[in-house]
Amino acid sequence: MASLSFASSHASLFCCQQSSSAIILRPAGALLRLSRRQPSSHTISTTDQLFPRRSRMPRNVDTHAAAERNSPSTMSSLEAVDELETNGDSAVVVVREQQQQQHLLMGATDDGLPPSPYDTAWVAMVPAPGNPLVPRFPQCVDWILQNQRSDGSWGPDGGSGDHPSSPLGKDALMSTLACVLALKTWDAGEEHVRKGLSFVGNNSPSCVMTGDERDAPVGFSVIFPGMLARAIDMGLDIPMMTQANVDAFIRLRDTELNRMAATTGSKAFMSYVAEGLGDVLDWDEAAMVYQRQNGSFFNSPATTAAAAIHGNNDRALRYLDSLVNMFGSSVPTVYPRSTYSRLHMVDTLQKMGLSRSFVSEINEMLDMTYRSWLANDDEEMMLDMSTCAMAFRLLRMHGYDVSSDGLAQFSSESSFRDSVHGQANDTEALLELYKASQIQITEDELVLVDIRSWSAKLLKEQLGSDKVSRSVDAQEVQQVLKFPFYTTLDRLEHRRHIEQFKAGGFHMLKSAYRFCKEDEELVSLAVQGFHSSQALYQQELQFLTRWAKEARLHDLEFARIMPMNTFFPNAALMYAPELSEARILCTKNCMLATAVDDLFDVGGSREEMENLVRLIDMWDEHEEVGFCSERVEILFRAIYDTSKELAAKAMAVQNRSVINHVAELWADLVRAMMTEAEWSMRGHVPSSMEEYMQVAETSFALGPIVLMPLYLIGPELPEAVVRCPEYKQLFHHMNVCGRLLNDLQSYEREAKQGKINSVLLVAPRHGGSIEAAKSEVRRAIEASRRELLRMLVAEADATVPRPFRQEFWNMCKMVHLFYMEDDCYSSPKELVHAANMVVFDPLRVREL
């Protein structure tokens with residue numbers, strides 16, 4: 001019966017290739033005093049089967065709060081690692097201070113929204129009260145005059161209007177025509193109008209035939225033809241524009257309107273793009289349904305300005321007044337957006353591995369969001385799918401008590417199809433809803449079940465038809481669908497997001513906008529932190545390799561002693577520099593637990609098994625027992641010495657001795673393995689799942705791998721907490737997930753070996769059906785995973801502090817990833833590649 005273990009491999013040279021589209025970034029040597037070299041170019045390769053008999057993993061942790069390292073090193077061989085760790089963390093602090101001086105979090109406010117020429121033009125067209133011959137906002141007219149490009153276009157920052165097939169080409173066309181209409185409305189900027197019309201005329205005819213519809217502003221097919229008709233009515237002569245061209249645009253609009261008329265969500269979308277419809281829309285009716293408390297229509301300045309022009313809407317005017325007062329002479333394409341901006345920033349910091357450096361800022365942002373969630377007073381959050389789903393996910397995962405009822409309005413597929421998001425084929429909204437739906441903590445959260453079902457279906461449809469929105473990377477959609485959040489290793493996720501980070505990546509509404517202020521700062525900070533961590537990991541791996549050799553573990557010919565494969569998952573989840581000692585101990589215990597498992601499973605005689613059990617039972621009095629073989633002596637002394645080392649280090653953190661608990665965990669493990677060995681020798685089959693799991697949970701070996709390192713991560717872990725029911729339940733549900741996931745993967749092999757397995761044990765109650773038995777086992781896994789997640793995020797009345805609960809959840813994530821039934825990490829090549837990406841391979845980051 002398998003326990004959790006990693007197989008490792010030996011190093012060989014690897015040459016990193018530089019592609020034309022990527023730059024290989026290496027760590028700055030100045031960050032590290034002891035290691036000024038770049039991350040090693042050595043990679044891990046193997047001719048061995050990484051999981052020769054069983055797949056199991058060492059424990060891993062992601063502690064969001066900075067865990068204190070109070071224990072001094074007690075081994076001289078670790079001093080260099082300790083110093084490297086301190087210097088690496090100091091570098092992060094220095095960089096963080098520099099970024100704070102540059103207001104890195106400015107992008108998380110509405111002040112960080114860039115100007116939208118398109119929306120500014122519509123605001124500029126609003127007439128003054130009582131005098132329709134002058135503009136209400138002359139400063140917006142001035143801004144238009146001052147911000148025309150040399151080619152005659154207007155458009156979002158970073159865009160190019162040279163050709164309509166460029167990513168922001170249609171945006172430039174729509175923005176330019178809107179600015180021309182605004183200037184013509186007030187007979188201003190004759191030369192600007194001429195140049196703008198020239199740009200539109202030279203580029204718009206090919207617009208119908210070229211470019212990807214995903215690059216078009218939302219509503220382009222309705223709004224641009226509508227503005228074109230208005231320009232003609234105003235007597236504007238557009239160069240190169242023939243009647244055939246005009247007819248083509250009218251057909252484009254008619255086709256879009258006919259498409260919308262066939263859907264139940266057409267009213268919302270037609271109101272959103274109403275500036276392209278003019279007097280055709282019933283503005284009073286639209287105001288009754290879609291005007292928000294702040295006076296806006298959909299938080300869109302352009303739509304709201306059109307309502308003020310066509311409907312004499314006082315609330316719309318007050319919204320526009322406040323908007324111009326806030327932003328000055330230009331306006332953004334959406335306002336307010338502060339809630340989304342804050343949540344987007346928190347999410348980005350987490351995905352890039354930077355959240356530890358901004359704990360107080362993140363807490364402040366989430367506290368603000370939670371207050372709004374409870375008060376239900378934030379229209380931006382409650383009405384916008386992306387914002388609402390992201391708020392739910394981040395709040396729940398950070399321990400805030402939020403109900404899935406907040407997403408009930410999005411429970412059906414029609415809620416998406418009938419919305420502006422659905423009409424715009426908004427991938428981001430779908431993706432956020434899908435990610436939120438995975439954070440299910442009770443079986444009866446059917447809202448999340450329903451959302452997960454239809455959002456996954458639509459995301460797959462978008463991938464299959466190549467309709468993923470430009471604001472979302474298609475690879476991100478594929479990754480999220482393939483790997484649920486409970487199967488991810490944090491450092492691999494950080495690397496992926498850093499490398500795929502879209503500097504200048506834009507969100508497309510009626511005009512493109514982006515959170516531009518944080519791009520370079522975020523990537524720079526993330527790259528430096530990742531590379532300094534890699535240098536530390538390499539030092540730790542070198543130490544562990546030396547330790548295994550000095551402990552003579554390689555003399556155990558039956559054992560899988562593979563430092564790299566046992567270390568890398570710990571680095572991937574327990575990635576923080578200050579957790580160095582916990583990473584090292586966890587890796588040691590995983591190697592030792594693997595060796596113990598191999599002794600009981602394939603390598604040891606009955607005498608050796610019983611001898612090891614007796615030695616661990618006697619512990620400090622082991623000399624009275626003696627060693628029946630050199631192999632048992634090597635293994636016991638490694639366990640004993642490592643445990644004493646842990647106890648000495650833990651004393652400085654816990655202010656008490658933990659050696660009795662440590663010895664107890666090892667004793668429980670070998671007794672359980674001895675029981676399984678006796679079952680196998682006697683051909684005994686447990687009479688029930690309860691009898692089987694009572695032994696099998698313990699024999700999976702997560703006690704030494706997970707529980708012991710908890711003493712090193714801080715804060716204090718009192719004896720009363722270790723013995724409390726909550727702690728035992730956390731351990732139980734983690735063990736259930738690990739053991740049963742392993743059983744699903746190994747039942748065929750163990751059936752041939754005559755060993756018992758939960759799948760084989762359950763099958764008889766289903767008439768011998770293996771598939772039915774597997775379904776029952778999967779349901780048990782799902783129930784334990786759900787309960788473990790509930791215990792992680794439930795802060796009320798929690799006895800076990802969050803950093804320790806996080807450890808149990810991280811191990812649950814690890815076993816889910818490595819025991820996925822589609823064998824995503826079952827091949828040596830894939831596992832080696834993942835290990836290299838965490839420990840050795842430098843980042844390949846897109847140029848900013």
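Cβ atoms here come from the backbone N, Cα and C positions, even for glycine.
Because the structure is a prediction, the values reported are computed rather than measured.
Annotation comment: Swiss-Prot describes 1-64 as transit peptide.
Annotation source Swiss-Prot lists region 'Disordered' at 148-168.
Taken from Swiss-Prot, the feature Mg(2+) 1 binding site applies to D597, D601.
As annotated by Swiss-Prot, Mg(2+) 2 binding site applies to D597, D601, with the evidence given as similarity to another entry. Take the CB of D601 (Mg(2+) 1 binding site) and look out to 10 A: across all protein chains shown you find 21 other CB atoms.
Swiss-Prot lists 597-601 with the feature motif 'DDXXD motif'.
Summarising the annotation, Swiss-Prot assigns Mg(2+) 3 binding site to N742, S746, E750. Under DSSP, S746 (Mg(2+) 3 binding site) is assigned to a helix (H, G or I) in the three-state scheme. Every protein chain shown contributes to the tally, and the Cβ of S746 (Mg(2+) 3 binding site) ends up with 22 other Cβ atoms within 10 Å.
Of the listed binding-site residues, namely D597, E750, the sparsest Cβ surroundings within 10 Å are found at E750. The shortest Cα-Cα distance between D601 (Mg(2+) 1 binding site) and any of the binding-site residues N742, S746, E750 is the one to E750. With DSSP states grouped into helix (H, G, I), strand (E, B) and coil, the motif 'DDXXD motif' (597-601) comes out at 5 helix, 0 strand, 0 coil. Of the recorded residues, D597 (Mg(2+) 1 binding site) and S746 (Mg(2+) 3 binding site) place their C-alpha atoms 15 Å from one another.
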